[in-house]
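Lifted from TrEMBL, the feature list:
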TRANSMEM  D:21-39  transmembrane segment
TRANSMEM  D:51-69  transmembrane segment
TRANSMEM  D:76-97  transmembrane segment
TRANSMEM  D:103-124  transmembrane segment
TRANSMEM  D:136-155  transmembrane segment
TRANSMEM  D:175-199  transmembrane segment
TRANSMEM  D:230-248  transmembrane segment
TRANSMEM  D:284-301  transmembrane segment
TRANSMEM  D:307-326  transmembrane segment
Amino acid sequence: MRLSGRKICKSFGPAQVLFDVSIDLRAGEVHALLGENGAGKSTLVKILSGYHQPTEGELVLDGANVSFADSAVGEAHGVILIHQELNLAEQLTVEENIFLGREIKRGWFLDKVAMRAEAKRLLSQLQCNVDPRARIRDLAVSDRQMVEIAKALSKKADILILDEPTAVLTGREVDILFDQIRRLREQGVAILYISHKLDEIKAIADRVTVLRDGRHIITEPVAELTKDDMARLMVGRDITQMFPDRVSDTSAPIVLSVRDLSLAGQVRDASFDLHKGEVLGFAGIVGAGRTALMEAIIGLREKSSGVIERNGKPVRISSLQDAKDCGIAYLTKDRKGSGLLLNMDMRPNLTLLALEKFGRVILDRKAEEAALERAIAAFDIRAADRKAKVGDFSGGNQQKLLLAKVMETDPDIVIIDEPTRGIDIGTKSQIYHFIGDLTDRGKSVILLSSEMPEMLGLSDRIAVMAAGRITGILEGNDRNEHEIMRHATGISGQEGVSVHERT
Amino acid sequence: QEKIKIGVSIPAATHGWAGGLNYHAAEAEKRIEAAYPNIDVIIATAKGATEQANDLEDLVSVQNIDALVVLPFESDPLTVPVQQVKQAGKFVTVVDRGLSLPGIEDVYVAGNNPELGRVSGEYIKKRLDGKGKIVILRGIPTVVDEERVEGFLKEIEGSDIEVLDMKHANWNRDDGYEVMQDFLSRFPKIDAVWAQDDDITLGVIEAIKQADRTDEMFIVGGAGMKDIIKRVMDGDKLTPIDVLYPPSMIATAMDITVLKFVSNGAVEGRYILGATVVTEENAKNFYFPDSPF
Amino acid sequence: MSGLERSGQNASSRFSIDFKALGPFLALVLLFILGTSINDAFLSSGNLSNIFTRSAFIGIIAVGATFVITAGGIDLSVGSMAAFISGAMIVVMNGLVETLGPGLETVLIGVVLSIVLGIGAGAINGLVSTKGKIEAFIVTLGTMGIYRSLVTYMADGGTLSLDFEIRGTYRPVYYGDLLGIPVPVLVFLAVAVAGYVLLNMTPFGRKCFAIGSNEQVARYSAIHVDRVKTMTYVIQGICVSVATIIYVPRLGSASSSTGVLWELEAIAAVIIGGTMLKGGYGRIWGTVIGAIMLTTIGNILNLTDAISNYLNGAVQGLIIIVAVFLQRGDWRRKKSK
Amino acid sequence: MSGLERSGQNASSRFSIDFKALGPFLALVLLFILGTSINDAFLSSGNLSNIFTRSAFIGIIAVGATFVITAGGIDLSVGSMAAFISGAMIVVMNGLVETLGPGLETVLIGVVLSIVLGIGAGAINGLVSTKGKIEAFIVTLGTMGIYRSLVTYMADGGTLSLDFEIRGTYRPVYYGDLLGIPVPVLVFLAVAVAGYVLLNMTPFGRKCFAIGSNEQVARYSAIHVDRVKTMTYVIQGICVSVATIIYVPRLGSASSSTGVLWELEAIAAVIIGGTMLKGGYGRIWGTVIGAIMLTTIGNILNLTDAISNYLNGAVQGLIIIVAVFLQRGDWRRKKSK
Ligand SMILES: Nc1ncnc2c1ncn2[C@@H]1O[C@H](COP(=O)(O)OP(=O)(O)OP(=O)(O)O)[C@@H](O)[C@H]1O
Ligand SMILES: Nc1ncnc2c1ncn2[C@@H]1O[C@H](COP(=O)(O)OP(=O)(O)OP(=O)(O)O)[C@@H](O)[C@H]1O
Ligand SMILES: [Mg+2]
Ligand SMILES: [Mg+2]
């Protein structure tokens, strides 16, 4: 028995988020922590590692009571936490971040050579080939996560806690991470692993603890529970149907048509059509240019050429405002950097994109409150304190708020980039049904996702991108993992385009 | 033929009197350059002692001047820099504020700050029959201010004139206005105000007017700003006199320096300007409506 | 257990939040108590009216600065801008006396000119910094030098004085009152209310907060970041011209020494009021109280001769630090967090 | 999904980074070309030596300011601090003449005192702002008033002058040279190199970057944020005392007008050099060039009397804006991002 939390309670101001939670972490074991968004998982692990102090309860390390005054003390005892929300200094480089606060020194000076070598070694261990000298702010989110992991690995943990490390990772990166976790487990490290992806839990964990509404529900060996069991324990009810039933209608009119859109260095000659009431998926490996393409369409990036037609008429979209006027809304995948004002509460965040709806001269605070009321209900946002800063929200609730913010503009076309990052399974299903409702009401959705099940379960057609080009648009029975893979890796070559582009 | 270059180093126009200084220097430059085509006058202005020391270096090293006319920002810090100009073999005229070491300058055109204070004190003492309550608005805490106030206090020493309080008004009319407002709230009876400088006087006048206490007191300013001279000339009860401390002294100094190069006579010595009292009678001699000061 | 605990914490946290919003106000009250204890004349209606009237200039400028700072910018040029606009007003009004006479028209034209110049100067600051992508600190440091030079040049190094007849017409704008309240105070109040409404109740104000708190998020929320930022500088410019409009009739003159260091005072008023220098959070009422506090400190120092004149600055500095410390209200809480 | 990785894109970004680092240097070269074209004497060794010697004061202070600003702070008190330290040095050295004579010991004691005072003053700024949780802007605005008052008080409103005999001993520190390089330039270089090493090659510097970039992350990385921030102010204080040590022998005096507005110049030098005002990114070499640029602009204005003195400030402001615009190098890129 390495580290235990005994009867942990935690309150933030008036709101209590943990009630008498106990958990045991054992050497050489992967312990999974499950729970809905806002169940208190991140709070619990922050307490275990010294970032928060419990309001009540105690920590026991190797049989002795301990208290971690701050995270430094926790780390000194070998407890390392990889945060759910990335915790990197954006203006510093990869290697600077990895060694931040515990730089390798030679005499009084930084040993940059040693740090670079070590950073390279750590990154290559994770098969991540970002340049150690790159600045964090220039990296894709998944790379940032890999840097976070590299940083944690470099700390020689006895007890390693990973808070949703895979939310932003691709399948390949997840595999690499799991290899590392298994290696550490063999070395006797105690591992606590948080994820909403039940497949992953099944694959990696030995035991699982479920939290619901801040209370301990169950701790069992993983083998004893099915995925359905886990989902039910988390949510407190059965999830009967993950995806909505949808009938696609390819003869519906085209609402958006993109022709030969290029974006210097990132996208070349992208063309596709979007039908009314359709979900068009965009698949591809990280960096394929999907986000760049979408941001060019909605006027956030300057396109070098290309035509966009809305309902058959060419439109000029040179700013997000133009896009909004055309009824197009975009949900960013970077909720912290581009999505939400973390130092503000929910209300200004919710209405920011659709501000004119709440008054052109004077903002109608009542209407804003009413909108917030509606959004909280519709998207099931669980905030302990309505006046709390959004930055203090659980990751999943941030994501829901972001979705609500985008939907405030009441768009006809919604471009959704990674909508279920860090969302629990119950809410995920809610969001999927929500997308289904949208299309039922005649709205169209473009879905960018790295999660294969949601891509396949929701999309009517799937466009695949590789290296800045659309290499194919898959329909009907071609919508399968194998075909997507084939096009995403570019194996299909150009003929893929001619074969599948039939619209 | 090489032109003779005369460098003029003065404080920048950051308050009224310095503004007048700049104006007179610029006017003298035009006049001198028109009269003597072989003379080039170069004016450099500085916002502080350090900057003025820089200017002196530049006048010597890049402009290669033949003579320097300098009104030191402050005496002490500029003593050594001016000495270096002298050691580079230049003719040096010092204006207004004397240097801390004797024998550096060839010509000294001196204003007389203690005298300004003394004359002002003398007038107030006489007007009040040696008895009354006054307030003083000081300038920026510097040697100039210190000398004036000392001269003033020494003069009224032994009389029954009570200085209610002194505050710095920084030779600034807004500060003068506000400090005077507060004096007026504080002291129910004030017989006279020594404002020491005409920028301050302007603010004081408005404050007294606003409080409706114009008949109670009078103000003695200093420097010779045209607005105040005009008031004296018009017989304004509030400003019966003004004590001159003319910024035109820079022009005098420049003229004397030019003489060194255009005449054969020996040019050296000290030229002390008095602190002339401007009264209703003689005011028109000191009123220049076209001057900016 | 949960019930008990919840209610307890509730009370304390609510108290400290209230305290924070009240902070500047409490600090001001303490200052007033200090003032009264030093000199009875402090609470005289004349002195209070002086304090409020004086704080109007800096206060009005500081209301503009609240917008700029909330949106993450800074404007160092306001003092010079005020001097330049005053100078231009005086020159133009003096010039108009001959043709239009010293009547209301002349003054009105002067006022309109002031507003136009304020908008123009603000727009320059805003456009150069946003379009040129130059730090606002540098741009406004540059324009600070430029505007000050221009007024020095216009005044030929000396003073620009307003024609005496126009002064008569214009005088009530500073010295007049309405129901006993001095006009500058009324203008200050009007500007503060307008500023409050604009910052807290309109889409524009919301956008200022958003930009100051995270520009990227603002951009992804369809906000024209450059446009809004430029607008904050224009608002700052307008506030400077309003301040100038009530400043000119006070002494009827402008020179190169007009408005020196007002930028520092305005920014100080804003920060004392609780607005964050890094942007993202602004408080107009705090700014108003900050401006009054600064003026009050100066006033108190003039009401006593207990302190050597040379030490005025030290006392002022000390009081500012202590006042801000008290108004933070954080000293009541434990460090934690 | 596996396979393919991104590539490309790197090349272009690397180029623009190089350009950005060279920016301030290019701007300085342009200034030098401007100077030469105005007056041949500009490139004379005497003039160049003057420029570099002068920039030493502001440059040394600005090196300290680079630390403060990189770590997300600001220090407005440096000018007053310099005046205060100069004053204290002069008083003490003058006092020691009687007992120790005007020799090296006296000067050394003055120098040690200067360093002690610099450390103390910096520590006060740092501790009050971090422990008191008061915005650095307010704290240093307050201490700015305090230090300035103290020197005014010490000088009794006038000037403190260094004993003329001591000046003889002390003189070489400003006017001397080593292998033809003026001592102040050597000191400046030494401070810059030390600053560079400290900021870029030690854990301490790394921590400054981290704190300026994101305090929360820094705290989570077990960095003692308050301690490091306080240290940056102490470093600033030490830099001020080093600048003072070479300043005192130049003019041999201190008064209430010593060092006025140096804080603005120092901050400007830092920002011109490419350090970000919001913190998180600092560049010592940029600061050095920024300081030289500011001095050069002043020098160039003295090279010609084509421009009315009244407009000096305008030209200066314009050149600063243009120089920063050119050095940004962003004008080459498209808007995007
Ligand atoms: N610093 C804080 N201040 C106030 N409330 C907080 C703070 N941190 C967390 N909370 C609240 O505590 C609750 C639990 O949050 P926590 O982040 O632990 O959830 P989680 O289980 O990790 O959820 P998710 O799966 O969405 O990440 C949420 O209601 C959140 O709003
Ligand atoms: N702000 C930016 N500036 C420059 N290049 C960028 C920027 N953002 C992304 N890129 C680059 O553009 C390319 C396309 O990136 P993009 O984010 O569009 O990929 P993606 O396929 O959408 O990735 P994901 O699967 O993570 O959504 C990548 O090479 C990426 O590194
Ligand atoms: Mg979480
Ligand atoms: Mg000439």
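Every residue gets a Cβ built from N, Cα and C, even glycine.
Under the criterion of 3 or more C-beta pairs below 8 Å, with sequence separation of 6 or more, the transmembrane segment (D:230-248) and the transmembrane segment (D:284-301) do not qualify as touching, having fewer than 3 such pairs. Counting Cβ pairs under 8 Å to the transmembrane segment (D:284-301), the stretch among D:51-69, D:76-97, D:103-124, D:136-155, D:307-326 with the most such contacts is D:51-69. Only pairs six or more apart in sequence are counted, and the transmembrane segment (D:21-39) with the transmembrane segment (D:307-326) gives three or more Cβ pairs under 8 Å, enough to call it a contact.
Remote same-chain residues near the transmembrane segment (D:51-69) are listed as 75, 78, 82, 136, 174, 182, 184-185, 187-188, 191-192, 195, 198-199, 208, 212, 232-233, 235-240, 242-243, 246-247, 262, 265-267, 269-271, 273, 275-277, 279, 282-284, 287-288, 290-292, 294-296, 299 (criterion: CB distance under 8 Å, separation of at least six residues from the stretch ends). Among the recorded stretches D:103-124, D:136-155, D:307-326, the one sharing the largest number of Cβ pairs closer than 8 Å with the transmembrane segment (D:76-97) is D:136-155.
Residues 23, 26-27, 30-31, 268, 271-272, 293-294, 297-298, 300-301 of the same chain lie 6+ residues outside the transmembrane segment (D:307-326) yet bring a C-beta within less than 8 angstroms of a C-beta in it.
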